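*Asks:* Residues annotated as signal peptide in TrEMBL: 1-23. Look at TrEMBL and you will find 30-114 tagged as domain 'NOMO-like N-terminal beta-sandwich'. The annotation domain 'NOMO second beta-sandwich' is assigned in TrEMBL to 116-201.
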Amino acid sequence: MAFHINFNEITLLLLALFKFVQLDDLVGCGGFIRSNVPINYSRVEVKLFTKLGSLKYQTEGAPNNGYYLIPLYDKGEYVLRVEPPSGWSFEPSSVELTVDGSTDACSAGKDIDFTFQGFSILGKVVSQGEDVGPPGVTVQLLDSAGNVLQVDTTGEGGAYGFSRVLPGEYTVLAKHLSWDVQDPRLAVKVTEDNAVISKSPRVAGYDVSGEVESEGDPIGGVHFILASESTIQDKARPADCKHSRPPAGFVLPSGLSFHCLVTSSKEGRFAFSAVAPGSYVLLPFYKGDHMEFDMAPSQVRFSVGHGSYKFDKRFQVRGFSVGGRVGLSNKGGGIAGAQVFLDGRHAATTAKDGTFRLENMKAGQYTVEVRAEGLAFESKSFKVTPAT
């Protein structure tokens, strides 16, 4: 035998029951879950708590019209709270009650309504090649006309969200002042529930920066080589690094792969524009025709996470490495084993080809003297600076 349920009749029956039991000191708190757009009322619960937070009763909205009714057996202070699915918003979210049997809304038979405000849009901004991303990216929610409706900033992991969004078609736009955000604009449609965006804007990489000085003065022209222990494909490099190569005279330590090269400005600053998350080694280097800077530190291992990286300490030029040669003439053969003295102190011994190297030189005036068995040399004075 067939049958069907008429919720309108049930609603009237509940109201009649409420009026009847109210006479017998039983009070009912009721009202409607209201919405101007279609929602599933039965997914929305209404709960009654004591002032101390103990749950007394719970029910859900009627599927056809959102009506709810909660019986109350005792006078006292209560909190009536609407609990929708996560991401759904209602106003108010809760109502405090002081049930006295006569003057409060429940005792007076007045409706306590909860009005739907909208769904949520959820997504995240990720780092290139990663499933998570950085905090601090600005994300805007735009309507179909391009008007900004809401603005959020990504949190840890790159997550962002917009609440109180009614059904419709929208655009999400991600942007950052320093980072290159790829695929920043996404279309999203909200219908009868939260919208979770599966596609994510991507941050290609993060700026890595620092400074270099010598005795407090900035130094320009110092090369900074970014390398890593893993092989880096050209397509994974930022655009300004794809064609860069190690500087002349630089030998990359064994086990490292070259990634990118930048040079310090006259203000002593250097920066890589878009470095992907990972572990790296930074090596400072400068070599002129006859000298090379001695840098401190000579290399630094560091890791880039989901954000900008700046070296806290400035790189220091501790001195210069100056090269020379001892020979029978400018074009003649070199003299091996000759002793080189700098201001009277032994500083180097020539190699087989007569070359020598003076380490950790400071800018200044020096006297160089060479001693070799059976040979005599005139001492010479030189002024050594980073520019000579």
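Note: Cβ is positioned from N, Cα and C throughout, glycine not excepted.
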*Asks:* Do you know the DSSP helix, strand and coil residue counts for the domain 'NOMO-like N-terminal beta-sandwich' (30-114)?
*Replies:* 3 helix, 41 strand, 41 coil
*Asks:* Please list, for the domain 'NOMO second beta-sandwich' (116-201), how many residues fall into helix, strand and coil according to DSSP.
*Replies:* 0 helix, 49 strand, 37 coil
